[in-house]
């Protein structure tokens with residue numbers, strides 16, 4: 001089985017190709033929109049994705065050394081994400097499905113992150129941290145679905161850091177040589193400032209932390225503010241994670257999503273693993289950020305259980321939660 005996956009939920013347009021036997025991932029091509037200033041404007045994302053979609057599709061097919069006719073199914077991330085960006089990927093997927101008579105497989109973006117994590121880390125039954133620009137979720141698989149044990153009550157961890165560095169003119173670009181701008185700034189900071197620390201059970205809140213940090217700009221060294229906001233945010237996440245580990249008694253902790261690439265977070269998680277006698281499984285950097293390979297792979301798993309969708313019902317779902325998705329391949 002060969003599945004072509006299309007990712008376009010936010011700033012990245014990606015096309016991946018997966019097959020149902022090793023090495024599983026045959027291609028993983030993408031192009032990421034980087035704004036010249038400010039944040040991501042939906043109209044700019046739509047324009048970028050539309051412009052690069054054809055090139056990325058061709059590159060993926062060339063990388064896999066196959067033609068579109070060799071593909072069995074077309075998988076597409078229908079949500080969650082930014083509406084105009086999602087529509088580009090959905091439109092391309094529908095067109096390919098109709099033109100080449102290929103069944104369409106609906107994929108939840110978060111499930112894509114999680115499943116590529118299972119593949120690349122070889123985790124068996126983990127507690128999962130799904131951390132990205134739009135999501136901060138603590139989850140695990142139980143009785144047919146991924147059940148959420150904790151999440152952000154407002155903005156996501158990645159979004160909070162992106163907004164801060166943008167507001168203080170440290171970004172864009174947000175990622176420089178594999179490091180987030182807040183990590184680079186934090187390297188010269190050492191003073192831990194007093195900022196809000198909000199953990200409620202296994203849920204977290206980052207909006208107050210962001211607001212308080214911005215109010216300190218001009219009053220404290222920027223490097224110390226960056227250091228403090230990062231350390232406090234990560235410590236909040238670790239406290240919520242420890243509570244979930246105590247509740248679930250899991251012996252594996254898997255981290256997926258773009259924030260999983262953070263070296264400083266990895267170090268904290270490794271320490272947590274030693275304290276709790278838990279194996280830490282972190283998705284490789286090349287699969288941490290948004291990519292088409294994760295959509296192709298999750299689509300392949302879904303297709304193996306007959307999960308398809310008619311083209312005329314393939315609506316985008318900008319607020320599609322991971323705990324709303326049935327997972328028949330893990331029953």
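Every residue gets a Cβ built from N, Cα and C, even glycine.
Keep in mind that what you see is a predicted model, and the values were worked out from it rather than measured.
Cβ neighbour count for residue 290 (Fe cation binding site): 27 (other Cβ atoms within 10 Å of its Cβ, all protein chains included). For the recorded site, residue 290 (Fe cation binding site), the DSSP three-state label reads coil. Per Swiss-Prot, Fe cation binding site is recorded for 109, 113, 130, 290.
Residues or ranges marked as substrate binding site in Swiss-Prot: 130, 131, 132, 133, 134, 162, 183, 262. The secondary structure of residue 133 (substrate binding site), as reduced to three states from DSSP, is coil rather than helix or strand.
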Rounded Cα-Cα span from residue 109 (Fe cation binding site) to residue 132 (substrate binding site), Å: 11
Local Cβ density at residue 113 (Fe cation binding site) - other Cβ atoms counted within 10 Å: 29
Proximal residue to residue 133 (substrate binding site) among binding-site residues 109, 113, 290 (C-alpha distance): 290
Cβ neighbour count within 10 Å of residue 134 (substrate binding site): 20
DSSP-derived class (H/G/I helix, E/B strand, else coil) of residue 262 (substrate binding site): coil
Cβ-based neighbourhood (8 Å from the centroid) of the Fe cation site, residues 109, 113, 130, 290 excluded: 9, 110, 112, 114, 132, 135, 256, 257, 258, 294
Nearest-integer angstrom distance between the alpha carbons (Cα) of residue 183 (substrate binding site) and residue 109 (Fe cation binding site): 26
